[in-house]
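A.B. asks: Sharing the features that Swiss-Prot gives for it:
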ACT_SITE  Glu216  active site, nucleophile
ACT_SITE  Glu221  active site, proton donor
CARBOHYD  Asn136  N-linked glycosylation site
SIGNAL    1-18  signal peptide
Amino acid sequence: MALTLAATALVLLPLVTAQQIGSIAENHPELTTYRCSSQAGCVAQSTSVVLDINAHWIHQNGAQTSCTTSSGLDPSLCPDKVTCSQNCVVEGITDYSSFGVQNSGDAMTLRQYQVQNGQIKTLRPRVYLLAEDGINYSKLQLLNQEFTFDVDASKLPCGMNGALYLSEMDASGGRSALNPAGATYGTGYCDAQCFNPGPWINGEANTAGAGACCQEMDLWEANSRSTIFSPHPCTTAGLYACTGAECYSICDGYGCTYNPYELGAKDYYGYGLTIDTAKPITVVTQFMTADNTATGTLAEIRRLYVQDGKVIGNTAVAMTEAFCSSSRTFEELGGLQRMGEALGRGMVPVFSIWDDPGLWMHWLDSDGAGPCGNTEGDPAFIQANYPNTAVTFSKVRWGDIGSTYSS
């Protein structure tokens, strides 16, 4: 049974803030995940997911007027953070399938498009993994651990990205007197791109137009033709609201990227290749420390795959400081050590599907990064030719090295 949360998650907050939560209940779809150990094997967890706050309806308290406009916050309702919090309420989402999220047991399918009222609507859902309490995010501490999942990328054409990554978001989603909704309603997103997240930052009105920076570990950015993984360290811990030029110097937005195609393995990943994207793939990422303990310094990030019962190694042995030495600002901003510090503090799993209207995803699958043509990533082309675009993630698990997969 899915988790239905309206006021339940907020009982510990002062009553004065209850007016900021609307009357429509939030109905989190359950997504079973697994915590694994060498001794006990994998144990199921009753976790769930929540859509980002920007997918929720936030409106004037006692009225139907939205607190946002096409250009951002409505200045008459949100001239500042405090007034905005007093004027606006957030409503829950009861039907996640209408936002492109369909869960069943330990599997979740994210859909890019949906026909609504006879028209194809672009959805681009992004969801975060909640802990078993349904109130806070699952923050995974992965030093000297591995993170594994199964993925079906067969319905992701050129120009699409079905992503699973880690973000150093606050476990509560920044829950506070001005943001009583918190993680329960998907607040607090941040990443190493430091982009302006829109009207809300850490659940509060983003009246300054700040960017939301934090460390990011891209476990999987991929479609059926190309794949990358990349750590993105930052000089700060947790979410940092940046403004102006500092938004370009706090985090390594480019990251240390591993792309097998770009490194010359052109027959490694794709339909019918060594990693056959026509079939589901098990993806394993291992975070190895220098002393093989959960408190050690991150020394390597290893990647391997399992398909048809066979363990398939990565085309490079591991991602190390030596491998990343030429990656723009990666070393300057702390490299693997800084990334490891975030993994030690804990990071939140993020799942998404999206297209790229600005760059057409060339950085992932074209212009030397993959085999796709220069125009195949045009969102209009994708919508016209691949209306069933989707990605399915399943059997998400994490734990001791070697405990999450078998051959």
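Counting begins at 1 with the first residue displayed.
Just so it is clear, glycine is given a Cβ too, placed from its N, Cα and C backbone atoms.
These figures come from a predicted structure and were not determined experimentally.
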A.B. asks: Determine, to the nearest whole angstrom, how far the Cα atom of the residue listed as 'active site, proton donor' is from the Cα atom of Asn136 (N-linked glycosylation site).
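C.D. replies: The residue listed as 'active site, proton donor' to Asn136 (N-linked glycosylation site), Cα-Cα distance: 25 Å.
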A.B. asks: So among the active-site residues Glu216, Glu221, who's got the most Cβ atoms within 10 Å?
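C.D. replies: Answer returned by the neighbour count: Glu216.
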A.B. asks: Applying a 10 Å Cβ distance cut-off over all chains shown, what neighbour count does Asn136 (N-linked glycosylation site) have?
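C.D. replies: I count 19 other Cβ atoms within 10 Å of it.
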A.B. asks: Name the secondary structure element type, per DSSP in three states, that contains Asn136 (N-linked glycosylation site).
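C.D. replies: In the DSSP reduction, Asn136 (N-linked glycosylation site) maps to coil.
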